[in-house]
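Presented below is the structure to which this report refers.
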Amino acid sequence: MEEGSSKPSNSSWDKILNLKHITMEGYKRKPISHWILLALSIVAMLVAFPASSLLTRVYYSNGGASKWIISWVAVAGWPLTALILFPSYFFLDSSPTPLTFKLLVSYVVLGFLSAADNLMYAYAYAYLPASTAALLASSSLAFSALCGYVIVHNKLNASMVNAIVIITAAMAIIALDSDSDRYDYVTDHQYTMGFIWDILGSALHGLIFALSELVFVKLMGRRSFHVVLEQQVMVSFFGFVFTTIGVIVNNDFEGMASEARSFKGGKSSYILVLVWSAITFQLGVLGGTAVLYLASTVMAGVLNAIRVPITAIAAVILLHDPMSGFKILSLLITFWGFTSYIYGNSSASSEDSPS
């Protein structure tokens, strides 16, 4: 073997050192406010999203029954995002994106899909332990990769395909171990339907992610902080409209009074669970949006990988979810799949960057 084949060439080392220098200089140029905001955003993702999932399970385990109400709560906090958006126009010296007909239609479609997605997850959490539902929902990463490849023509390398296979195997392990964590009051049919709704919700979530990226590329042509917030506000608003219609048609608003009276802990606990569910979900969305803008999609992927075990472990500790050996194995395999995907995504990004 030649000596040059055992180590990178001088030109390769120069590129590596130059990239490292550019990266370090980029970090040094960031103001302290950037790092504070990024730290707060990371905390929001790692705390708010798991908290929202646990609160959904608390709602069902303490007497709540409406899937539409939980779906409605998920988007009812959209004004919180709007309160962040409007001041950003002044602080960032930017102007609102012109609302064309195509852009409006895309918001309506994404809002409808978001409402359907929230409803599917509501059914999943009604019948599954929070730890199981969180593990199954991690399959959205695989669906995001596949939908991104088909719709947006994102690259799909061997590591990312490997991640899809690994995560699919983790879901299969949970399916084989379904008898160990089923609640006594949940029938076999309900558990199976919860499993199916969770996977379908994850698939739809992947489709929404790909379509959102397509909107950025085709209709907006840019990705800045306020543009990402604009899309989140508008999609959440239309999701709120569609979900509100569903709640009204299903007469669930009228049923909230009786549901609150029979709720374990009383009416005040019922209100607190719903209010904090809305707040934590929106804080998680805001945190994810900020991390995507302030850091990178890879960082967002890393945090998504971390919040899955956080949710599962928190559910075991706080809600006393059953945790079998199969579920632990599935958790480890899922984390392995996330790691493989992040590595593949990093490799794809480095290939696209200029030398």
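Each residue, glycine too, has its Cβ placed from N, Cα and C.
Listed features, source TrEMBL:
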- 32-49: transmembrane segment (TRANSMEM)
- 69-92: transmembrane segment (TRANSMEM)
- 104-126: transmembrane segment (TRANSMEM)
- 132-152: transmembrane segment (TRANSMEM)
- 159-176: transmembrane segment (TRANSMEM)
- 196-216: transmembrane segment (TRANSMEM)
- 228-249: transmembrane segment (TRANSMEM)
- 269-295: transmembrane segment (TRANSMEM)
- 326-344: transmembrane segment (TRANSMEM)
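Here the transmembrane segment (196-216) lies next to the transmembrane segment (132-152) in space: the count of CB pairs under 8 Å, restricted to residues six or more apart, reaches at least 3.
Here the transmembrane segment (326-344) sits apart from the transmembrane segment (228-249); fewer than 3 CB pairs are under 8 Å, leaving out pairs fewer than 6 apart in sequence. Panel annotation: around the transmembrane segment (228-249), residues 66, 68-69, 71-72, 74-78, 81-82, 84-85, 88, 96-97, 107-108, 110-112, 114-115, 118-119, 212, 215-216, 220, 282, 285-286, 289, 292-293 of the same chain, lying at least six beyond its termini, place a Cβ under 8 Å from a Cβ of the stretch. Beyond the ends of the transmembrane segment (69-92), by six or more residues, the same chain brings 52, 56, 59-60, 114-115, 118-119, 121-122, 125-126, 224-226, 229-230, 232-233, 236-237, 239-240, 243-244, 246-247, 252, 256, 259, 274, 277-279, 281-283, 285-286 to within a C-beta distance below 8 angstroms of the stretch.
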